[in-house]
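Taken from TrEMBL, the feature NADP(+) binding site covers VAL14, GLY15, ARG16, ALA17, SER42, ARG43, ARG44, SER75, SER76, SER77, HIS78, TYR96. Under the heading Zn(2+) binding site, TrEMBL lists HIS278, CYS279, CYS290, CYS291. The domain 'Gfo/Idh/MocA-like oxidoreductase N-terminal' annotation in TrEMBL covers 7-123. According to TrEMBL, the feature domain 'Biliverdin reductase catalytic' maps to 131-241.
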Amino acid sequence: LNPERKFGVVVVGVGRAGSVRMRDLRNPHPSSAFLNLIGFVSRRELGSIDGVQQISLEDALSSQEVEVAYICSESSSHEDYIRQFLHAGKHVLVEYPMTLSLAAAQELWELAEQKGKVLHEEHVELLMEEFAFLKKEVVGKDLLKGSLLFTAGPLEEERFGFPAFSGISRLTWLVSLFGELSLVSATLEERKEDQYMKMTVCLETEKKSPLTWIEEKGPGLKRNRYLSFHFKSGSLENVPNVGINKNIFLKDQNIFVQKLLGQFSEKELAAEKKRILHCLGLAEEIQKHCCSRK
């Protein structure tokens with residue numbers, strides 16, 4: 001597969017996601033054949049990583065060679081980077097959440113459309129084996145009630161946003177499985193001195209079936225997902241071990257390249273955008289709800 005042209009890529013932020021992105025771009029995969037890694041942008045002075053050169057943000061924005069930006073920095077900086085790269089006429093792939101407000105996401109999508117550029121928000125959680133298993137399990141079933149609890153170590157809100165935003169992949173699972181949801185109530189219990197927080201969100205489906213989503217973070221809490229879905233035809237308690245999530249970032253890159261090549265239908269793009277904006281809107285509503293109760 002020899003593409004007639006390659007899109008020049010710069011990776012912004014070289015933490016865990018950025019490092020995986022750089023690895024995928026340099027390995028011989030079908031989608032990587034359409035992409036050419038030009039350099040990376042980092043606030044740290046790193047010089048080069050495995051032969052890939054660090055370049056300044058200014059150079060990345062002004063370079064004719066750079067046509068695509070992968071934004072892999074912390075969530076609080078996503079909005080600003082997306083805006084700068086779109087204004088500079090570049091396509092953008094960004095790790096979730098793309099922004100920490102619904103209005104900002106809507107504005108950036110409008111900007112991308114004006115510029116005729118692809119704005120793609122990564123959702124690797126939808127490319128996991130567990131999600132594929134769940135999708136098959138719930139199809140055609142009537143939900144009576146459900147819950148999803150996620151536990152993990154502490155996360156800095158200043159960098160990653162309010163828990164409803166930093167945990168948006170769990171919300172995305174629920175919306176992708178059960179359709180659009182509405183907020184019933186939300187509470188946040190916090191002990192800052194212990195780096196502990198617990199957010200409890202009560203949602204309901206369009207058929208009024210209740211769904212509870214809990215994010216619990218604190219020292220010593222292992223990264224885990226516990227779920228329980230009750231249907232008219234039986235129950236599903238937690239996901240069996242369904243295999244390793246192989247190459248989920250690469251699968252996401254394949255989707256992005258298909259968008260660059262115009263291989264996604266308008267209908268598919270519109271459905272994805274609707275889901276993403278719905279989840280960001282819910283996250284914002286949850287945040288307002290929790291903050292108004294304080």
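Cβ atoms are placed via backbone N, Cα and C, with glycine included.
Everything TrEMBL records as a feature, shown here on the structure.
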residue : record               : Cβ contacts under 8 Å, 6 or more apart
VAL14   : NADP(+) binding site : MET22, PHE40, SER42, LEU46, ILE49, CYS72
ARG16   : NADP(+) binding site : none
ARG44   : NADP(+) binding site : none
SER76   : NADP(+) binding site : LEU100, GLU158, ARG159, PHE160, GLY161
HIS78   : NADP(+) binding site : ILE71, VAL94, GLU95, PRO97, MET98, THR99, LEU100
HIS278  : Zn(2+) binding site  : VAL175, GLU180
CYS279  : Zn(2+) binding site  : ILE168, LEU171, THR172, VAL175
CYS290  : Zn(2+) binding site  : PHE162, ALA164, ALA186, THR187, LEU188, MET199
CYS291  : Zn(2+) binding site  : LEU188
Helix, strand and coil residues within the domain 'Biliverdin reductase catalytic' (131-241) as assigned by DSSP: 30 helix, 49 strand, 32 coil
Largest CA-to-CA spread of NADP(+) binders VAL14, GLY15, ARG16, ALA17, SER42, ARG43, ARG44, SER75, SER76, SER77, HIS78, TYR96, angstrom: 22
The domain 'Gfo/Idh/MocA-like oxidoreductase N-terminal' (7-123): DSSP-derived helix, strand, coil residue counts: 47 helix, 29 strand, 41 coil
Reported mean pLDDT - the domain 'Gfo/Idh/MocA-like oxidoreductase N-terminal' (7-123): 96
